[in-house]
Amino acid sequence: MKCLPKSTRLMHQICTFFKEQHLKDVIVVSIGFLLLFTAYGGLQNLQSSLNVEEGLGVLSLSIIYGTLLLSSMFLPPIIIKTIGCKWAIVAAMCCYITYTVGNFYPSRYTLIPTAFILGLGGGPLWTSKSTYLTVIGNKYAEKAGKLGKDIVNQYFGIFFLIFQLSGVFGNLISSLIFGHNSTKVEILNSSAYAHCGAGDCPGAFTSNNSTESHHPAKILVYTLLAVYTGCGILAVALTAIFLGGQTTEDKNQSFCTTFLATFYHLRDKRQCLLIPLTMFVGLEVAFISSEYTKSYITCVLGIQFVGYVMICFGMSTSLCSLFFGKISQYTGRIALLTLAAAINIACIVALLLWKPLPNQFALFFVFSSLWGIADAIWQTQVNDNMHSSDGLGES
């Protein structure tokens, strides 16, 4: 092997990589999630702009995450123990598809029930994925005589490397499709944008709302939803056909034990002190993906630019997560968390004072990039703190 050229050795290593069943399973799970969240992530960022009436888009997202919170506590142990990790992932993916289909005819009778269904599937989906990767990682480590945590970390690294691309693809698809929007109305009078930004008050503007004037044609919305639905169906088919079957690590663990273990962590005051931080992380992500996209981007530039601006946010978060994850050992968490808080506060004050106009195009990307830097710090440091606290290991 050593006598072979470097290019030949590289090809041999790649072929060996894909011959291993456990690595195939990691790739299948990763691509399945990539396809699924290309659809859901892109659609999530558009909800506050597409379904403006009665705040239906934001309401549906609130129902999704409220239901997901409850499903994460109750459903995963039952679902996984009954049908195994593979089919739990497949079933949960189908729940996500129902929400996309519900957007074809958005109303309280379609979005709210499908949002509830998606939320129910969210908990089992992520728990099954984590359990699946952990199980196959530990099994391979035992077989190869390696440390389980090293292999599992490697698998999760591969997963998130592929999964993070969903933010790019999902937003890019929406912007490319809505870029053909023929119903966009150019408003040159700056007073027409007075209600955009921090001045956006739902229900206060009806006749000349710029958000309404930028609403895409129905045929473009249906085209986007058809593409997203196709991505979801492809994710389900790929996972169901090519993913190897695995179950939980411990079939004998009772539901009561698993359920109570979640609340046992609340006995540790450090875990309780982390709760406000995790709540803030949810709020800051909700702001950038709903209020910022609706009141700033869509209101001024049009819905076709939402994807481009959110790609900037996603890339900023992804790259900075890697950076801050590495330098935290030198700076400490307090310094980084202080930096994140300072960036968020500065952005909030600036957004309150800023009167967005179409000729300030670059600023929309600047704010999303800065918010992505802060989000990267919150995501890496808060989650790392949870896993590294004594007595608060991986759950």
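Including glycine, each Cβ sits where the backbone N, Cα and C put it.
Nobody curates TrEMBL annotations by hand; they come from automatic prediction.
Checking the ranges 111-135, 186-210 against TrEMBL, the transmembrane segment annotation falls on 111-135.
With a cut-off of 8 Å on Cβ pairs spaced 6 or more residues apart, the transmembrane segment (26-43) and the transmembrane segment (111-135) reach 3 or more such pairs and are scored as touching. The listed stretches are 87-105, 155-178, 219-243, 272-289, 334-354; of these, 87-105 has the most Cβ pairs under 8 Å to the transmembrane segment (111-135).
A Cβ distance under 8 Å defines the sequence-distant neighbours of the transmembrane segment (272-289), meaning residues of its chain 6+ beyond its ends; these are 44-45, 61, 65, 266, 310, 313, 344, 368, 371, 374-375, 378-379, 382, 385-386. Counting Cβ pairs closer than 8 Å to the transmembrane segment (87-105), the top stretch among 155-178, 219-243, 295-322, 334-354 is 219-243.
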